[in-house]
Amino acid sequence: QDEEKWDFILVSDIHEVGSEKEIKRKKFLDELSKKGFTIKKIEEKKLFYGVRAPKQIFRKYQWLLRNPDSRLQNPDVHQDVPVTTRIRIVNFILQNTMTPDLEKLDDLIKKKVFEAAFPLHEKEEVREFLKEKWARWRDIFSQQPIEKIRCYFGEKVALYFAWLGWYTYLLGIAAVVGLVVFVAGITVFNSSQVSKEICEASNTIMCPLCDQKCPFWLLSDTCTYAKVTHMIDNEGTVLFAMFMAIWATVFLELWKRQRATVVTNWDLYSSGEESQGLKGWQSSDGMEHMPSVYGFSPPRCPPPQIAVLIGIAHALVIYRVIATALFSQSNSEFLREQANTMAVMTGAVLHYITIVIMTKINRRVALYLCDLEKPRTFSQRENNFTVKIFTFQFFTNFSSLIYIAFFLGRINGHPGNYVRVAGKWRLEECHPSGCITDLFIQMAIIMLLKQTISNVMEYLVPQVYLPLSPLQSPSHTSHKAGQTLTAVRTPWDVPSVAASHQHPAFSPSAVIQYSFTTIFVAAFPLAPLLAFCNNLFEIRLDAIKMMRLRRRMVPRKTNDIGIWLQVLEAIGILAVIGNGLVIAITSDFIPMQVYKYTYSPCMTENSTDVDCLTGYINHSLSIFRIQDFEPYTKPGLALTGLCCRYRDYRNADDYSYTVQFWHIFAARLAFLILFEHVALCIKLIAAWYVPDVPQSVKNQFLERKHNNLCKELRWVIPQKV
């Protein structure tokens, strides 16, 4: 049975006999044959070489892979080699086998001599268990078999799914709280004093939204928009933002404890990835290779790529400006009335399209920069790639959101002196009830599209591609040590050969989703709920892809999620800053509190029988004289009067900022400092109070070391008779 198992598959195009690529391929295969590898060839539209290593290789390499603290091992002692270890050993040999031309497998792949190298899915008990109990939609609410995943895919993949499962589990708590906050906002949909004033402002004439042919409009026309805004922007939002800042810290601290428990059971707690890797430069024949010479190249900074991403964000801003103007001049009454909302929604869809396109480009650029840096180890390359891809993806996903949250309606100037794009189109304005609804719409559309269209395409594309790849061939030959032999055909699974290889550990998309659920959650309380539902499907979708639609990946050992933990901690800090800024700047929470406790009837008239926010809308709108419009501005006819209103705190005579503006500015700054200090203090207290490693894990680790030491000393200290 063992003779029918193949460790790796090498894929190559069919090259002309005597061509340079054919000669390089033969030299590499000859080097493998010299080491005792059995190689089987299958020819279809491409060439597939099955590779199987001799048994004696694994004894020595297993000793090199040992955990020094676990037990004393003799390299001559025969032990069964786990399949994951076997794959890692063969992969190491393949990657370090050098041809007479001093070329390794990676070099040959870059030169198109080989297309790919990957292990096969095997018809073993663990795989069948995972296909039936893990890679099924019916098990969506079942606990994951992490130990089985580890036995088949290795520790790194198992740790990824352990993290994703733990994240989803705790995300359920945040989803419930967010849903409660959202429902509480719905209960005040018709009872908000501010919304009532907007709905009753049938005599308040607002300034036009564009320069040419845009009419003056009544504030009461946006009654529904105002109700939706105050459904999102309320006191519960502040509490939920604080809760999510604390949740992010507690999640990471509890994950550290969970990780320590899992890794201890795997006997990897004290060992880093480097100590788990293959050591030295020893080959299967006992000879030592010289260390690879790496040409030093300083790290390539990615400002050009980030500049491109920021430029795309600017293009989206320009689109929204132009779209608002066009919708405002439309012949459709609905488009004219909902011009700003339509611009936000179409802009969000366009932003999603740019995310899909730039994700592929960002990955290629990040890989290219990593190649330029020439890292010495796999871990260094992985860390470099992680930092770059996350930076690129963060700017791709959040640049437009940052503009809406912190710049929309604050850098546009005022009537008579607007800030314009290319001297022609003026920037957008916020609704009189605030800009937080724009941020809500943007986040909702992007998250929904990413979690529906992207996942559906990710699942369907391999399903469609797989039947179109007839890669199994009835004819093949086998050779060992240069001799051609006849061999029995091995059933190489189509998914193993046809599907592309994508490593889910560790997925940048999961961390970007984590950013969505924490950084701007104050504007979108339903983000944790959407993320929770998505992750339930994502876990099973990844499982189905890995078991049925993707090639088997090379197992790797690790005892943590690496640099991603630092990224998650940085996101936790950004969540505090981001939510503090959303409440202080984007939300109308601070201006309403300043009015309530400084300028409201409750303070000035000592009235107790009226709502303290009575008169807030009139207080927050400034007056503009129509004759002060720029000469080239041609608005439609005013409904009544010679003045219009706009959202700002400016004097009616010279349009300078009023005292109220500076009061609100100071209050925003004070709240931001207070919120962030309180939230960060709570984060630090939570991080200090919750130890990273449970005491039981420490005791278990020390007990294991003690037992191993006692076993070793039995062979050193003679027993007393």
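The backbone N, Cα and C atoms fix where each Cβ goes, and this holds for glycine too.
Here is what TrEMBL says about this protein:
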- 84-146: domain 'Anoctamin dimerisation' (DOMAIN)
- 149-701: domain 'Anoctamin transmembrane' (DOMAIN)
- 157-186: transmembrane segment (TRANSMEM)
- 237-255: transmembrane segment (TRANSMEM)
- 306-327: transmembrane segment (TRANSMEM)
- 339-358: transmembrane segment (TRANSMEM)
- 385-408: transmembrane segment (TRANSMEM)
- 514-537: transmembrane segment (TRANSMEM)
- 558-585: transmembrane segment (TRANSMEM)
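Here the domain 'Anoctamin dimerisation' (84-146) is broken down by DSSP into helix, strand and coil counts: 32 helix, 3 strand, 28 coil. Here the transmembrane segment (306-327) lies next to the transmembrane segment (339-358) in space: the count of CB pairs under 8 Å, restricted to residues six or more apart, reaches at least 3. Proximity of distant same-chain residues to the transmembrane segment (385-408), defined by a Cβ-Cβ separation under 8 Å and at least 6 residues beyond the stretch ends, is recorded for 302, 305-306, 309-310, 312-313, 316-317, 344, 347, 351, 354-355, 358-359, 362-363, 365-367, 369-370, 428, 430, 435, 438-439, 442-443, 446, 506, 508, 511-512, 515-516, 519-520, 523, 562-564, 567, 578, 581-582, 585-586.
Within the model, the domain 'Anoctamin dimerisation' (84-146) carries an average pLDDT of 90.
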